[in-house]
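Structure in C-alpha coordinates, see below.
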Amino acid sequence: MVKMTRKTVFSPHEQDIMISDLDPGPCKVELKRKVTVLRGISIIVGTIIGAGIFISPKGILKNSGSVGMSLVVWVTCGVLSLFGALCYAELGTSIKKSGGHYTYILEAFGPQMAFMRLWADMIAIRPAGLAVIALAFGRYILEPIFMPCGVPETAIKLTTAIGISKFNLHYWTNKKNNLTPNSFSYLDQALLHVAVTCLVCYVLGETKNFQNAFEVGAVEFMGLPLAFYSGMYAYAGWFYLNFVTEEVDNPERTVPLAICISMVIVTICYTLTNVAYYTVMSAEELLASHAVAVTFAEKLMGHFSLVVPIFVSLSCFGSMNGCLFAFSRMFYVASREGHLPEVFSMIHIRRHTPIAAVIILYPITILILFLGDIYSLLNFMSFLRWLFIGMAVVGLIYLRYTRPDMPRPFKVPIFIPAVFSFTCFFMVFLSLYSDPVNTGIGFAISLTGIPAYYIFIAFHTKPKWLLRLSDFVNRSLQILLEVVPAEN
(Lines of atoms letter the chains of each structure in order from A and count residues from 1; the text may use other names and numbers.)
(Lines give C-alpha, C1' and ligand atoms only; values in the text may rest on other atoms or scores of the structure.)
Protein backbone atom coordinates (compact mmCIF):
# COMPACT_ATOMS: atom_id res chain seq x y z
CA MET A 1 0.00 0.00 0.00
CA VAL A 2 2.97 2.27 -0.57
CA LYS A 3 2.02 5.49 -2.28
CA MET A 4 3.62 5.68 -5.70
CA THR A 5 5.74 8.69 -6.52
CA ARG A 6 5.71 8.28 -10.26
CA LYS A 7 2.80 8.96 -12.54
CA THR A 8 2.74 5.50 -14.09
CA VAL A 9 4.35 2.16 -13.34
CA PHE A 10 5.56 1.72 -16.91
CA SER A 11 6.78 4.61 -19.02
CA PRO A 12 4.42 5.79 -21.80
CA HIS A 13 6.67 4.13 -24.42
CA GLU A 14 6.61 0.82 -22.53
CA GLN A 15 2.81 1.05 -22.26
CA ASP A 16 2.44 1.64 -26.00
CA ILE A 17 4.55 -1.45 -26.71
CA MET A 18 2.55 -3.48 -24.21
CA ILE A 19 -0.82 -2.42 -25.65
CA SER A 20 0.22 -2.98 -29.27
CA ASP A 21 1.60 -6.43 -28.45
CA LEU A 22 -1.61 -7.49 -26.71
CA ASP A 23 -3.88 -5.96 -29.40
CA PRO A 24 -6.68 -4.34 -27.38
CA GLY A 25 -8.47 -3.14 -30.51
CA PRO A 26 -9.55 0.35 -31.51
CA CYS A 27 -11.48 1.13 -28.29
CA LYS A 28 -10.15 3.69 -25.84
CA VAL A 29 -8.97 2.10 -22.58
CA GLU A 30 -11.36 3.61 -20.01
CA LEU A 31 -14.50 2.88 -18.01
CA LYS A 32 -17.58 3.42 -20.18
CA ARG A 33 -20.75 5.33 -19.25
CA LYS A 34 -23.18 2.47 -19.75
CA VAL A 35 -25.44 2.58 -16.66
CA THR A 36 -28.91 3.87 -17.59
CA VAL A 37 -31.91 4.30 -15.26
CA LEU A 38 -33.19 0.79 -15.96
CA ARG A 39 -29.77 -0.77 -15.50
CA GLY A 40 -29.22 1.29 -12.36
CA ILE A 41 -32.50 -0.01 -10.90
CA SER A 42 -31.48 -3.53 -11.84
CA ILE A 43 -28.07 -3.14 -10.18
CA ILE A 44 -29.57 -1.82 -6.93
CA VAL A 45 -32.55 -4.18 -6.69
CA GLY A 46 -30.57 -7.19 -7.88
CA THR A 47 -27.83 -6.52 -5.34
CA ILE A 48 -30.08 -5.66 -2.36
CA ILE A 49 -32.35 -8.67 -2.75
CA GLY A 50 -29.75 -11.33 -2.19
CA ALA A 51 -28.83 -13.01 1.07
CA GLY A 52 -30.46 -10.45 3.36
CA ILE A 53 -34.10 -11.47 2.94
CA PHE A 54 -33.13 -15.08 3.69
CA ILE A 55 -30.74 -14.37 6.60
CA SER A 56 -32.22 -11.36 8.39
CA PRO A 57 -35.77 -12.57 9.29
CA LYS A 58 -34.41 -14.93 11.94
CA GLY A 59 -32.06 -12.33 13.45
CA ILE A 60 -34.77 -9.64 13.49
CA LEU A 61 -37.36 -11.90 15.11
CA LYS A 62 -34.89 -13.18 17.69
CA ASN A 63 -33.79 -9.69 18.77
CA SER A 64 -37.16 -7.91 18.48
CA GLY A 65 -39.11 -10.51 20.48
CA SER A 66 -42.39 -10.75 18.55
CA VAL A 67 -43.89 -11.07 15.09
CA GLY A 68 -45.44 -7.62 15.22
CA MET A 69 -42.24 -5.91 16.38
CA SER A 70 -40.26 -7.71 13.69
CA LEU A 71 -42.58 -6.32 11.00
CA VAL A 72 -42.24 -2.85 12.55
CA VAL A 73 -38.44 -3.22 12.35
CA TRP A 74 -38.68 -4.25 8.68
CA VAL A 75 -40.82 -1.25 7.73
CA THR A 76 -38.73 1.16 9.83
CA CYS A 77 -35.51 -0.10 8.26
CA GLY A 78 -37.09 0.45 4.83
CA VAL A 79 -37.95 4.06 5.68
CA LEU A 80 -34.51 4.71 7.17
CA SER A 81 -32.86 3.18 4.12
CA LEU A 82 -34.95 5.44 1.90
CA PHE A 83 -33.70 8.43 3.94
CA GLY A 84 -30.11 7.26 3.45
CA ALA A 85 -30.73 6.67 -0.25
CA LEU A 86 -32.06 10.22 -0.66
CA CYS A 87 -28.95 11.60 1.08
CA TYR A 88 -26.71 9.59 -1.24
CA ALA A 89 -28.73 10.78 -4.23
CA GLU A 90 -27.76 14.35 -3.30
CA LEU A 91 -24.13 13.38 -2.75
CA GLY A 92 -24.01 11.44 -6.00
CA THR A 93 -25.36 14.32 -8.07
CA SER A 94 -23.19 17.01 -6.45
CA ILE A 95 -19.94 14.98 -6.28
CA LYS A 96 -19.76 13.24 -9.65
CA LYS A 97 -16.98 10.80 -8.76
CA SER A 98 -17.13 7.06 -8.26
CA GLY A 99 -16.16 5.54 -4.93
CA GLY A 100 -19.26 6.00 -2.77
CA HIS A 101 -18.58 6.45 0.96
CA TYR A 102 -14.84 6.84 0.47
CA THR A 103 -15.21 9.70 -2.00
CA TYR A 104 -17.76 11.59 0.11
CA ILE A 105 -15.68 11.35 3.30
CA LEU A 106 -12.63 12.43 1.29
CA GLU A 107 -14.44 15.52 -0.02
CA ALA A 108 -15.87 16.46 3.39
CA PHE A 109 -13.22 15.50 5.94
CA GLY A 110 -10.00 15.02 4.01
CA PRO A 111 -7.63 12.16 3.15
CA GLN A 112 -6.94 10.80 6.65
CA MET A 113 -10.59 10.03 7.46
CA ALA A 114 -11.12 8.71 3.94
CA PHE A 115 -8.15 6.39 4.31
CA MET A 116 -9.51 5.05 7.61
CA ARG A 117 -12.75 4.24 5.81
CA LEU A 118 -10.82 2.58 2.99
CA TRP A 119 -8.68 0.63 5.46
CA ALA A 120 -11.72 -0.68 7.34
CA ASP A 121 -13.43 -1.49 4.05
CA MET A 122 -10.49 -3.42 2.69
CA ILE A 123 -9.60 -5.53 5.73
CA ALA A 124 -12.97 -5.92 7.45
CA ILE A 125 -16.24 -4.54 6.05
CA ARG A 126 -16.14 -5.76 2.45
CA PRO A 127 -14.57 -9.17 3.07
CA ALA A 128 -17.02 -9.85 5.93
CA GLY A 129 -19.96 -8.67 3.81
CA LEU A 130 -18.97 -10.90 0.93
CA ALA A 131 -18.43 -13.79 3.34
CA VAL A 132 -21.97 -13.39 4.75
CA ILE A 133 -23.55 -13.50 1.28
CA ALA A 134 -21.30 -16.34 0.20
CA LEU A 135 -22.13 -18.41 3.31
CA ALA A 136 -25.82 -18.05 2.50
CA PHE A 137 -25.03 -19.14 -1.07
CA GLY A 138 -23.15 -22.19 0.22
CA ARG A 139 -25.88 -23.22 2.65
CA TYR A 140 -28.74 -22.96 0.17
CA ILE A 141 -26.92 -24.61 -2.73
CA LEU A 142 -26.28 -27.66 -0.51
CA GLU A 143 -29.75 -27.87 1.07
CA PRO A 144 -31.30 -30.06 -1.71
CA ILE A 145 -28.35 -32.49 -1.44
CA PHE A 146 -28.48 -32.99 2.32
CA MET A 147 -32.26 -32.76 2.91
CA PRO A 148 -33.77 -33.76 5.30
CA CYS A 149 -30.50 -33.76 7.28
CA GLY A 150 -28.63 -30.63 8.24
CA VAL A 151 -25.76 -29.32 6.13
CA PRO A 152 -22.31 -29.69 7.78
CA GLU A 153 -20.65 -26.33 8.44
CA THR A 154 -17.40 -27.51 6.88
CA ALA A 155 -19.19 -28.39 3.65
CA ILE A 156 -20.85 -24.98 3.60
CA LYS A 157 -17.56 -23.14 3.99
CA LEU A 158 -15.75 -25.24 1.41
CA THR A 159 -18.57 -24.71 -1.10
CA THR A 160 -18.54 -21.01 -0.29
CA ALA A 161 -14.78 -20.81 -0.89
CA ILE A 162 -15.25 -22.47 -4.28
CA GLY A 163 -18.04 -19.98 -5.13
CA ILE A 164 -15.91 -16.97 -4.23
CA SER A 165 -13.03 -18.38 -6.27
CA LYS A 166 -15.39 -18.81 -9.22
CA PHE A 167 -16.40 -15.16 -8.95
CA ASN A 168 -12.85 -13.89 -9.12
CA LEU A 169 -12.13 -16.23 -12.03
CA HIS A 170 -15.25 -14.94 -13.77
CA TYR A 171 -14.08 -11.33 -13.57
CA TRP A 172 -10.63 -12.30 -14.79
CA THR A 173 -11.90 -14.21 -17.83
CA ASN A 174 -15.20 -12.51 -18.71
CA LYS A 175 -14.65 -10.45 -21.83
CA LYS A 176 -17.84 -8.39 -21.75
CA ASN A 177 -18.04 -7.70 -17.99
CA ASN A 178 -21.81 -7.99 -18.06
CA LEU A 179 -23.65 -6.68 -15.02
CA THR A 180 -24.75 -10.09 -13.85
CA PRO A 181 -27.26 -8.79 -11.23
CA ASN A 182 -29.58 -8.12 -14.22
CA SER A 183 -29.75 -11.85 -14.88
CA PHE A 184 -31.01 -12.60 -11.39
CA SER A 185 -33.57 -9.83 -11.03
CA TYR A 186 -36.21 -12.27 -12.28
CA LEU A 187 -35.90 -14.09 -8.95
CA ASP A 188 -36.63 -10.83 -7.16
CA GLN A 189 -39.85 -10.53 -9.16
CA ALA A 190 -40.71 -14.14 -8.29
CA LEU A 191 -40.26 -13.37 -4.59
CA LEU A 192 -42.67 -10.48 -4.92
CA HIS A 193 -45.25 -12.69 -6.64
CA VAL A 194 -45.00 -15.35 -3.91
CA ALA A 195 -45.32 -12.66 -1.26
CA VAL A 196 -48.46 -11.22 -2.89
CA THR A 197 -49.96 -14.73 -3.13
CA CYS A 198 -49.40 -15.35 0.57
CA LEU A 199 -50.76 -11.92 1.42
CA VAL A 200 -53.98 -12.93 -0.33
CA CYS A 201 -54.02 -16.08 1.86
CA TYR A 202 -53.60 -13.81 4.87
CA VAL A 203 -56.54 -11.62 3.82
CA LEU A 204 -58.67 -14.74 3.27
CA GLY A 205 -58.16 -15.87 6.84
CA GLU A 206 -54.67 -17.39 7.36
CA THR A 207 -54.04 -15.21 10.41
CA LYS A 208 -53.29 -17.63 13.24
CA ASN A 209 -49.60 -16.71 13.34
CA PHE A 210 -50.52 -13.02 13.66
CA GLN A 211 -52.64 -13.42 16.78
CA ASN A 212 -51.03 -11.60 19.72
CA ALA A 213 -48.43 -10.35 17.25
CA PHE A 214 -47.03 -7.79 19.69
CA GLU A 215 -46.78 -10.15 22.66
CA VAL A 216 -43.11 -9.67 23.43
CA GLY A 217 -41.18 -12.65 24.73
CA ALA A 218 -37.92 -12.65 26.65
CA VAL A 219 -36.02 -9.92 24.84
CA GLU A 220 -33.79 -7.17 26.16
CA PHE A 221 -33.93 -3.60 24.95
CA MET A 222 -30.23 -3.81 24.12
CA GLY A 223 -31.04 -6.49 21.54
CA LEU A 224 -32.97 -4.03 19.37
CA PRO A 225 -29.83 -2.54 17.75
CA LEU A 226 -28.94 -6.05 16.57
CA ALA A 227 -32.44 -6.40 15.12
CA PHE A 228 -31.94 -3.13 13.26
CA TYR A 229 -28.50 -4.27 12.13
CA SER A 230 -30.07 -7.34 10.56
CA GLY A 231 -32.79 -5.24 8.93
CA MET A 232 -30.45 -2.55 7.64
CA TYR A 233 -28.14 -5.26 6.32
CA ALA A 234 -31.02 -6.72 4.31
CA TYR A 235 -31.65 -3.29 2.74
CA ALA A 236 -27.94 -2.54 2.26
CA GLY A 237 -27.19 -1.92 -1.38
CA TRP A 238 -29.05 1.34 -1.97
CA PHE A 239 -25.63 3.04 -2.08
CA TYR A 240 -24.03 0.76 -4.70
CA LEU A 241 -24.89 3.00 -7.66
CA ASN A 242 -22.84 5.78 -6.02
CA PHE A 243 -19.76 3.57 -6.30
CA VAL A 244 -19.97 3.72 -10.12
CA THR A 245 -21.08 7.34 -10.66
CA GLU A 246 -18.45 7.89 -13.36
CA GLU A 247 -20.03 5.05 -15.37
CA VAL A 248 -23.59 6.40 -15.06
CA ASP A 249 -25.18 8.06 -18.06
CA ASN A 250 -26.56 11.50 -17.09
CA PRO A 251 -25.98 11.02 -13.32
CA GLU A 252 -27.99 14.13 -12.36
CA ARG A 253 -31.16 12.36 -13.48
CA THR A 254 -30.22 8.67 -13.35
CA VAL A 255 -28.84 8.45 -9.79
CA PRO A 256 -31.78 9.90 -7.79
CA LEU A 257 -34.40 8.27 -10.05
CA ALA A 258 -32.85 4.80 -9.91
CA ILE A 259 -32.24 4.98 -6.15
CA CYS A 260 -35.77 6.15 -5.24
CA ILE A 261 -37.58 3.69 -7.54
CA SER A 262 -35.40 0.83 -6.30
CA MET A 263 -36.06 1.55 -2.62
CA VAL A 264 -39.83 1.63 -3.13
CA ILE A 265 -39.69 -1.72 -4.95
CA VAL A 266 -37.47 -3.35 -2.30
CA THR A 267 -39.43 -2.05 0.70
CA ILE A 268 -42.73 -3.35 -0.69
CA CYS A 269 -41.14 -6.67 -1.65
CA TYR A 270 -39.50 -7.19 1.75
CA THR A 271 -42.58 -6.31 3.77
CA LEU A 272 -44.83 -8.61 1.75
CA THR A 273 -42.25 -11.40 1.83
CA ASN A 274 -42.10 -11.29 5.64
CA VAL A 275 -45.89 -11.31 5.87
CA ALA A 276 -45.67 -14.38 3.62
CA TYR A 277 -43.17 -16.04 5.95
CA TYR A 278 -45.42 -15.53 8.99
CA THR A 279 -48.50 -16.60 7.06
CA VAL A 280 -46.93 -20.00 6.45
CA MET A 281 -44.62 -20.40 9.50
CA SER A 282 -45.00 -19.72 13.19
CA ALA A 283 -42.40 -17.66 15.03
CA GLU A 284 -41.03 -20.80 16.69
CA GLU A 285 -40.65 -22.55 13.33
CA LEU A 286 -38.85 -19.57 11.84
CA LEU A 287 -36.41 -19.35 14.76
CA ALA A 288 -35.73 -23.09 14.60
CA SER A 289 -35.04 -23.02 10.86
CA HIS A 290 -31.45 -22.97 9.59
CA ALA A 291 -32.66 -21.91 6.11
CA VAL A 292 -35.85 -19.84 6.28
CA ALA A 293 -36.64 -19.98 2.57
CA VAL A 294 -36.34 -23.79 2.55
CA THR A 295 -38.70 -24.22 5.50
CA PHE A 296 -41.09 -21.74 3.88
CA ALA A 297 -41.00 -23.64 0.59
CA GLU A 298 -41.49 -27.04 2.25
CA LYS A 299 -44.69 -25.87 3.90
CA LEU A 300 -46.00 -24.01 0.87
CA MET A 301 -44.88 -26.17 -2.07
CA GLY A 302 -44.28 -29.67 -0.72
CA HIS A 303 -42.11 -31.78 -3.04
CA PHE A 304 -41.52 -28.82 -5.39
CA SER A 305 -39.64 -27.05 -2.60
CA LEU A 306 -36.34 -28.54 -3.84
CA VAL A 307 -36.09 -25.83 -6.51
CA VAL A 308 -36.29 -22.96 -4.01
CA PRO A 309 -32.77 -23.35 -2.50
CA ILE A 310 -31.34 -23.34 -6.00
CA PHE A 311 -33.05 -20.06 -6.87
CA VAL A 312 -32.04 -18.56 -3.53
CA SER A 313 -28.39 -19.48 -4.16
CA LEU A 314 -28.61 -17.91 -7.62
CA SER A 315 -29.96 -14.73 -6.05
CA CYS A 316 -27.00 -14.70 -3.65
CA PHE A 317 -24.73 -15.34 -6.64
CA GLY A 318 -26.08 -12.25 -8.40
CA SER A 319 -25.82 -10.18 -5.22
CA MET A 320 -22.15 -11.12 -4.77
CA ASN A 321 -21.44 -10.16 -8.35
CA GLY A 322 -23.06 -6.77 -7.89
CA CYS A 323 -21.06 -6.20 -4.71
CA LEU A 324 -17.78 -6.98 -6.46
CA PHE A 325 -18.73 -4.70 -9.34
CA ALA A 326 -19.33 -1.79 -6.93
CA PHE A 327 -16.49 -2.37 -4.45
CA SER A 328 -13.86 -2.56 -7.14
CA ARG A 329 -14.68 1.01 -8.19
CA MET A 330 -13.98 2.30 -4.69
CA PHE A 331 -10.52 0.70 -4.71
CA TYR A 332 -10.05 2.03 -8.24
CA VAL A 333 -10.74 5.61 -7.07
CA ALA A 334 -8.64 5.18 -3.90
CA SER A 335 -5.70 4.10 -6.01
CA ARG A 336 -6.22 7.11 -8.25
CA GLU A 337 -6.07 9.32 -5.14
CA GLY A 338 -2.78 7.72 -4.06
CA HIS A 339 -4.17 5.66 -1.18
CA LEU A 340 -3.52 2.29 -2.84
CA PRO A 341 -0.83 1.06 -5.25
CA GLU A 342 -1.26 2.46 -8.74
CA VAL A 343 -1.96 -0.92 -10.32
CA PHE A 344 -5.44 -0.89 -8.72
CA SER A 345 -6.44 2.15 -10.81
CA MET A 346 -5.43 0.48 -14.07
CA ILE A 347 -7.86 -0.88 -16.66
CA HIS A 348 -7.68 -4.16 -18.55
CA ILE A 349 -6.77 -3.38 -22.14
CA ARG A 350 -9.58 -5.48 -23.66
CA ARG A 351 -12.27 -5.91 -21.01
CA HIS A 352 -12.13 -2.29 -19.77
CA THR A 353 -12.47 -3.29 -16.10
CA PRO A 354 -10.20 -2.61 -13.08
CA ILE A 355 -9.39 -6.30 -12.58
CA ALA A 356 -6.75 -5.71 -9.90
CA ALA A 357 -9.29 -3.76 -7.85
CA VAL A 358 -11.77 -6.66 -8.15
CA ILE A 359 -9.49 -9.43 -6.90
CA ILE A 360 -7.96 -7.45 -4.02
CA LEU A 361 -10.60 -8.76 -1.57
CA TYR A 362 -10.23 -12.43 -2.47
CA PRO A 363 -7.55 -13.59 0.03
CA ILE A 364 -9.00 -11.63 2.99
CA THR A 365 -12.53 -12.87 2.26
CA ILE A 366 -11.38 -16.49 2.23
CA LEU A 367 -9.61 -15.95 5.58
CA ILE A 368 -12.61 -14.29 7.27
CA LEU A 369 -14.90 -16.96 5.84
CA PHE A 370 -13.35 -19.64 8.05
CA LEU A 371 -13.16 -17.48 11.19
CA GLY A 372 -16.83 -16.93 12.02
CA ASP A 373 -20.49 -17.74 11.43
CA ILE A 374 -23.04 -15.63 9.55
CA TYR A 375 -24.46 -13.72 12.51
CA SER A 376 -21.17 -12.89 14.23
CA LEU A 377 -19.81 -11.67 10.88
CA LEU A 378 -22.99 -9.65 10.35
CA ASN A 379 -22.65 -7.82 13.69
CA PHE A 380 -18.91 -7.35 13.23
CA MET A 381 -19.31 -5.88 9.75
CA SER A 382 -22.42 -3.79 10.45
CA PHE A 383 -20.79 -1.78 13.23
CA LEU A 384 -18.09 -0.45 10.93
CA ARG A 385 -20.37 -0.06 7.92
CA TRP A 386 -22.94 2.16 9.65
CA LEU A 387 -20.32 4.14 11.53
CA PHE A 388 -18.75 5.33 8.28
CA ILE A 389 -22.05 5.69 6.39
CA GLY A 390 -23.22 7.94 9.22
CA MET A 391 -20.01 9.94 8.82
CA ALA A 392 -20.60 10.30 5.07
CA VAL A 393 -24.10 11.69 5.69
CA VAL A 394 -22.76 14.04 8.35
CA GLY A 395 -20.38 15.13 5.61
CA LEU A 396 -23.40 16.11 3.51
CA ILE A 397 -24.56 18.44 6.30
CA TYR A 398 -21.02 19.74 6.75
CA LEU A 399 -20.67 20.52 3.03
CA ARG A 400 -23.95 22.44 3.09
CA TYR A 401 -22.24 25.00 5.33
CA THR A 402 -18.63 24.87 4.16
CA ARG A 403 -19.40 24.75 0.41
CA PRO A 404 -22.81 26.39 0.00
CA ASP A 405 -22.13 27.26 -3.66
CA MET A 406 -21.54 23.62 -4.70
CA PRO A 407 -23.98 22.69 -7.50
CA ARG A 408 -26.72 20.43 -6.09
CA PRO A 409 -29.10 19.26 -8.84
CA PHE A 410 -30.92 17.14 -6.24
CA LYS A 411 -31.30 18.46 -2.70
CA VAL A 412 -33.04 16.88 0.31
CA PRO A 413 -34.50 18.66 3.37
CA ILE A 414 -31.92 18.95 6.12
CA PHE A 415 -33.97 16.86 8.58
CA ILE A 416 -33.50 13.74 6.43
CA PRO A 417 -29.68 13.55 6.76
CA ALA A 418 -29.99 14.62 10.41
CA VAL A 419 -32.39 11.78 11.26
CA PHE A 420 -30.46 9.20 9.26
CA SER A 421 -27.04 10.06 10.68
CA PHE A 422 -28.44 10.12 14.24
CA THR A 423 -29.95 6.67 13.67
CA CYS A 424 -26.64 5.31 12.37
CA PHE A 425 -24.69 6.56 15.38
CA PHE A 426 -27.40 5.45 17.81
CA MET A 427 -27.19 1.89 16.46
CA VAL A 428 -23.40 1.99 16.48
CA PHE A 429 -22.97 3.14 20.08
CA LEU A 430 -25.79 1.05 21.52
CA SER A 431 -24.35 -2.04 19.84
CA LEU A 432 -21.22 -1.67 21.98
CA TYR A 433 -23.39 -2.87 24.86
CA SER A 434 -25.32 -5.47 22.85
CA ASP A 435 -22.32 -7.23 21.28
CA PRO A 436 -19.16 -5.74 22.80
CA VAL A 437 -16.79 -8.41 21.48
CA ASN A 438 -17.53 -8.15 17.75
CA THR A 439 -18.10 -4.39 17.79
CA GLY A 440 -14.96 -3.87 19.88
CA ILE A 441 -12.93 -5.84 17.35
CA GLY A 442 -14.42 -3.77 14.53
CA PHE A 443 -13.62 -0.50 16.33
CA ALA A 444 -10.04 -1.62 17.02
CA ILE A 445 -9.59 -2.54 13.36
CA SER A 446 -10.76 0.91 12.26
CA LEU A 447 -8.27 2.56 14.65
CA THR A 448 -5.38 0.66 13.06
CA GLY A 449 -6.01 2.82 10.00
CA ILE A 450 -4.37 5.78 11.81
CA PRO A 451 -0.84 4.34 12.02
CA ALA A 452 -1.33 2.71 8.61
CA TYR A 453 -2.05 6.14 7.10
CA TYR A 454 1.12 7.67 8.48
CA ILE A 455 3.30 4.67 7.62
CA PHE A 456 2.10 4.13 4.05
CA ILE A 457 0.75 7.54 2.95
CA ALA A 458 1.84 10.54 5.04
CA PHE A 459 5.55 9.70 5.34
CA HIS A 460 7.09 10.49 1.97
CA THR A 461 10.60 9.41 2.94
CA LYS A 462 10.52 5.63 2.65
CA PRO A 463 13.36 3.10 2.52
CA LYS A 464 14.68 2.50 -0.97
CA TRP A 465 14.24 -1.26 -0.62
CA LEU A 466 10.52 -0.74 0.09
CA LEU A 467 10.13 1.48 -2.97
CA ARG A 468 11.94 -1.06 -5.15
CA LEU A 469 9.76 -3.89 -3.80
CA SER A 470 6.59 -1.87 -4.42
CA ASP A 471 7.69 -1.04 -7.95
CA PHE A 472 8.49 -4.69 -8.68
CA VAL A 473 5.11 -5.89 -7.40
CA ASN A 474 3.25 -3.24 -9.39
CA ARG A 475 5.11 -4.04 -12.61
CA SER A 476 4.57 -7.77 -12.15
CA LEU A 477 0.85 -7.36 -11.53
CA GLN A 478 0.52 -5.01 -14.48
CA ILE A 479 2.03 -7.64 -16.79
CA LEU A 480 0.14 -10.55 -15.26
CA LEU A 481 -3.27 -8.84 -15.32
CA GLU A 482 -2.74 -7.00 -18.66
CA VAL A 483 -3.73 -3.60 -17.27
CA VAL A 484 -2.67 -0.04 -18.15
CA PRO A 485 -3.57 3.42 -16.80
CA ALA A 486 -6.93 4.71 -18.01
CA GLU A 487 -6.75 7.12 -20.94
CA ASN A 488 -8.03 10.63 -20.24
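Don't overthink the numbers, they just go from 1 along the chain as shown.
The backbone N, Cα and C atoms fix where each Cβ goes, and this holds for glycine too.
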Pick from 37-55, 151-169: which stretch is listed in TrEMBL under transmembrane segment?
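From TrEMBL, the annotated transmembrane segment range turns out to be 37-55.
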With Cβ distances under 8 Å as the criterion, find the stretch in 37-55, 255-280, 383-401, 413-433 that has the most pairs with the transmembrane segment (225-243).
37-55
Can at least 3 Cβ pairs under 8 A be found between the transmembrane segment (37-55) and the transmembrane segment (413-433), with each pair 6 or more apart in sequence?
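When sequence-distant Cβ pairs are counted, the transmembrane segment (413-433) does not touch the transmembrane segment (37-55), since fewer than 3 lie under 8 Å.
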Ranking 67-89, 255-280, 383-401, 439-459 by the number of C-beta pairs under 8 Å to the transmembrane segment (413-433), which range is first?
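Most Cβ pairs under 8 Å with the transmembrane segment (413-433) come from 383-401.
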I need to check the long-range neighbours of the transmembrane segment (383-401): which residues 6 or more away from its ends have a CB within less than 8 Å of a CB in the stretch?
84, 87-88, 90-91, 94, 101, 104-105, 107-109, 113, 117, 120-121, 124-125, 129, 229, 232, 236, 239, 414, 417-418, 420-421, 423-425, 427-428, 431, 438-439, 442-443, 445-446
